[in-house]
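Enquirer: One structure, pasted below without further comment.
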Amino acid sequence: MPPRPLTQLTLALLKPDLTANSTKVNKVFSHIQQNDFNIVAHKTLLWSKSDAEAFYGEHRGKFFFERLCGYMTSGHFHALILEKPDAILGWRALIGPTHPPRARINAPETLRSLYGMTDTRNSFHGSDAVDTATKEIGFFFPEFDIEKWEKDRKEQ
Ligand SMILES: Nc1ncnc2c1ncn2[C@@H]1O[C@H](COP(=O)(O)OP(=O)(O)OP(=O)(O)O)[C@@H](O)[C@H]1O
């Protein structure tokens, strides 16, 4: 049997503006399936202001920080652990550029182009590297044991 390609985990968010629209959410889950991502874990959350400030702490002091935290506490949202080979790059490629208006010009097939609203209300998040994926998975899914999952996966 040929060796199975190395798989990878990433953390994806479907932010509150998208989550408020069940038709859009269903379409996004179809995109996730069509692009061969395996959903390893999934939860729906409602953040307090301090949750948002903790997750987006690196942006504290930027002009959009308060707006970002207000947006992320405005309603429920989905957090997902996605898996496939090159999941981190693959998910970021699927969601597209941070700013939806630019995505609509430069990357019209991406999810932020299709569903994003504004620079802040951009509907999606994706981890940008292996270490941030590990940290963000731990933030949203503290009960998920990545090392055990990877060990079990290798043994399958
Ligand atoms: N210039 C901006 N104006 C308004 N909001 C912004 C701006 N830049 C970033 N944001 C908001 O802050 C979030 C985090 O910014 P970051 O630079 O980490 O973008 P990203 O890595 O593309 O997005 P994410 O981390 O959510 O995947 C963005 O997703 C967006 O909601």
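The backbone N, Cα and C atoms fix where each Cβ goes, glycine too.
So TrEMBL says this about it:
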ACT_SITE  H125  active site, pros-phosphohistidine intermediate
BINDING   K15, F64, R92, T98, R112, N122  ATP binding site
DOMAIN    7-148  domain 'Nucleoside diphosphate kinase-like'
Enquirer: Using a 6 Å cut-off on Cβ distance, which of the binding-site residues K15, R92, T98, R112 come close to any atom of ligand 1?
Expert: T98
Enquirer: Treating G and I as helix alongside H, and B as strand alongside E, what does DSSP give for the domain 'Nucleoside diphosphate kinase-like' (7-148) in helix, strand and coil?
Expert: 70 helix, 26 strand, 46 coil
Enquirer: Could you tell me the mean pLDDT the prediction assigns to the domain 'Nucleoside diphosphate kinase-like' (7-148)?
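Expert: Across the residues of the domain 'Nucleoside diphosphate kinase-like' (7-148) the model's pLDDT averages 97 on the 0 to 100 scale.
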Enquirer: If you measure H125 (active site, pros-phosphohistidine intermediate) to F64 (ATP binding site) at Cα, how many Å is it?
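Expert: Distance (Cα to Cα, whole Å): 16 Å.
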Enquirer: With the cut-off set at 10 Å between Cβ atoms, which of these binding-site residues ends up with the most neighbours? Options: K15, R92.
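Expert: That would be K15, with the most Cβ atoms nearby.
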